[in-house]
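K.L.:
Handing you this structure, nothing more for now.
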Amino acid sequence: MPHHIPPPPTEDDDTPSPRPAPAGPPAEDSVNPAPDEAEGAAPDDAARPQAGDAARPVVDRAASFQADGVAGRVADEATEIYAAHRELLFSIVYNLLGSVADTEDVLQDTWLAWAAHGLDGVEKPRAYLVRIAVNTALARQAAVARRRETYPGPWLPEPLVGAAGTGFGAGSGAAAAVGEDAAEDVARGEAVSLAMLVVLETLTPLSRAVFILHEVFGYPHTEIAEILDRSPASVRQVAHRAKLHVQARRTRRSVDPRTQREATERFLSAALGGDLAALMRILAPDVTMWSDGGGVRRAALRPVEGRDKVARFIAGSVRRRPEDLDVRYRTVNGDPSAVLFEGDAPFAVMVLDMAADGEHVEGIYAVSNPDKLTHLVDDEPDG
C-alpha cells in the first residue's frame, strides 16, 4: 500500500495552496515487465506454457534477473540517501515534538513512505524527505496533544545527552548529509536548548514548524511554503507572528559554556550539600523550577516560582533522594548540565537556564520521569 504524505494542519488565516501528493510506488506488474518475445522466435520448451498454465507469462529469465539487479541497486541507493539524511530528519522532528519515541515513530513512517515511493521523479531527495517528515510530525500532533492534556504535572521535553554540544547528535554527520552549503544551518540547529523547547510548546503546531524550519534550520520562506503546501506570503506571516511570540517569552542570551558548567556545579554542590544560603545566592529572585516526574517520581505538579519557594522545594526534595546518587556533568540539548545516576541507571537530568549576567539561575528544568530517560546512554568519560 503506498504511503502518502499527510496533509499539514490548517489555521484560519493560513490558506493552504493545492499540491498533489507524491505518487505511490509503481504497480507491481510495471516494475519488471516481461519482455516481448522476439518476432518469429519460438520459445524453448521450458518456457512454453503447459496445460493448465494458461495464465503463466513467458519470461526471459536473463532480462528478469537484470531488471531485479537494477531494482536492487535503486533500493540500495534509496536506503543510502535516507541513512545520510536521518540525523537531519531526527533533529527537525525532535524539535517539533520534543519526544524521542514520537520522533522515532515519525522517522519510521517517513522511511516507509520514502521506500514505497522510490527515487522515480524525486529531483531533490533532501527536500522530499524533509517534507515527508515534517508533515508526518504535524499529523501526529493531535494525538501528542491529547496525551499531554492528561499528563501529571508539567510536561518537559525528553533531554538528549550528547558530546560536542550538539544535544541530539546532529553534528558533522548532518552537515555532511545536507551539503556544505547547509552546514551553517545545521550548526544553528544544534543550539536549541531545553528552555527554548519549553517556550516552543506554547506555539501552535504550524507556527512551531515554521519557526523551527526558518529560525533554527535557516530554511527560506519559499522552501517552507513548498514543505507545508502554503503560499510564501502565508508562511512569512506565520513566521513573523511566531518570532514575536517567542521573543515575548524568551530573550536571546548567550552564556559561555564554561560559565554555565561552573554555575551548574555550584548549584548542585549547594543543593545536594543542603546549603540553603548558598542556594539562595545563586538563584535569581524570579527563578522558576519545572519538575517532570511523569507521575512516577516525586515532583511538583505545578511550576514553583520565586527564590524562597524554589530553594525550599529543592531542600525538601534532596532530603528524600537516594543515598548513592552520582553526578556527571554532560551536555544536554546543547547546554552544559548535570545527569544524576543511581548506580548505573539514570535518575534525573538537571538543566539550568542562566540569567543574562551569567551568575544567577532563572530557570531550572528537572526531568526524572523514567520513561524519558530510557534512551539516555552515558558513554562519555568523567572530567
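Using the three backbone atoms N, Cα and C, a Cβ is placed for every residue, glycine included.
So TrEMBL lists these for the protein:
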- 81-139: domain 'RNA polymerase sigma-70 region 2' (DOMAIN)
- 195-245: domain 'RNA polymerase sigma factor 70 region 4 type 2' (DOMAIN)
- 265-345: domain 'SnoaL-like' (DOMAIN)
- 1-58: region 'Disordered' (REGION)
K.L.:
Per DSSP, how many helix, strand and coil residues does the domain 'SnoaL-like' (265-345) have?
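P.N.:
Summed by class, the stretch gives 28 helix, 29 strand, 24 coil.
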K.L.:
For the domain 'RNA polymerase sigma-70 region 2' (81-139), what are the DSSP-based totals of helix, strand and coil residues?
P.N.:
50 helix, 0 strand, 9 coil
